[in-house]
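Let me begin by presenting the structure, written as structure tokens, before commenting on it.
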């Protein structure tokens with residue numbers, strides 16, 4: 001109750017009250033296979049479906065859930081459909097970061113007045129289970145934000161979808177909620193200003209290229225958050241270096257700006273990574289030398305160093321506490337979108353102390369691909 005009251009106060013003080021990420025939608029070249037992939041690897045379950053059987057003639061969408069995480073996987077039936085055109089350009093990638101709001105009309109109007117790019121004005125979807133209001137605002141690259149007000153709706157997702165009753169996966173991957181989404185762009189400050197002006201986000205962390213680099217490449221990051229801190233978005237720009245940075249590689253293969261990685265929070269990262277690996281997710285490798293230096297860098301922690309080493313989990317500490325994190329390899333053939341698994345034990349950072357280890361791990365993969 002105290003937490004809910006604090007969040008309510010945060011929303012009251014927020015310039016543009018946004019409650020949370022409602023869902024993340026991925027456009028896919030083969031939605032059915034992608035759904036099997038995400039369910040098998042992440043232990044998600046299909047809860048809703050829209051397609052030919054529900055009367056939708058041009059595309060198909062599956063709604064996947066695990067804890068408070070909701071993914072929508074969408075594919076097109078026709079090669080000239082906008083979904084197919086998106087996939088042709090970007091590959092399987094995030095199209096929509098949907099934001100849940102309390103008052104759609106007011107939020108949309110304020111965002112547009114502040115310079116938001118209007119894609120679709122407010123509209124209403126209705127069925128026997130209630131009403132959902134939506135509007136769409138443009139953002140970086142070909143990505144959008146659907147604003148969604150769903151108060152009182154009792155269906156599994158939104159009108160137009162049929163509920164799907166599936167059994168829970170056998171292996172619990174222990175992922176619980178969205179933590180943050182990292183965005184790769186060519187001009188960081190342009191999009192930082194956009195989110196500050198249009199959505200009322202504020203900058204919570206900044207990493208200059210001197211702080212975020214290896215011997216070969218570097219990047220610059222400004223991390224933003226909404227008023228209640230439920231939505232966090234590091235916005236990343238490549239910086240000049242001896243070789244091509246991981247951010248530039250992403251932009252090259254994504255053909256523009258996009259979501260680089262989706263970070264999923266867990267309350268038990270050892271269990272999560274153990275079971276995700278069993279399911280087939282491949283994570284970046286961390287050398288043993290990283291763990292030899294870890295005690296002097298982060299001090300006493302609850303977890304066994306041997307277990308962290310075995311599972312390739314990284315640790316970072318700041319003045320607020322520490323966090324544990326690990327990064328997957330790309331989830332598709334292009335070296336673009338991947339996932340992060342993160343557990344926070346007081347820290348609200350993004351693992352600044354692990355940047356060098358992460359850079360070196362990614363660069364080893366870049367070198368294998370001939371892109372360094």
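Using the three backbone atoms N, Cα and C, a Cβ is placed for every residue, glycine included.
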Same Fe cation site per TrEMBL - residue from 90, 102, 261 joining 180, 340: 261
Residues that sit under 8 angstroms from residue 261 (Fe cation binding site) by C-beta distance, when 6+ apart in the chain: 181, 182, 327, 337, 338, 339, 340
Average model confidence [pLDDT] within the domain 'VOC' (177-329): 92
For residue 180 (Fe cation binding site): intrachain residues, at least 6 apart, with Cβ closer than 8 Å: 223, 231, 232, 233, 234, 263, 350
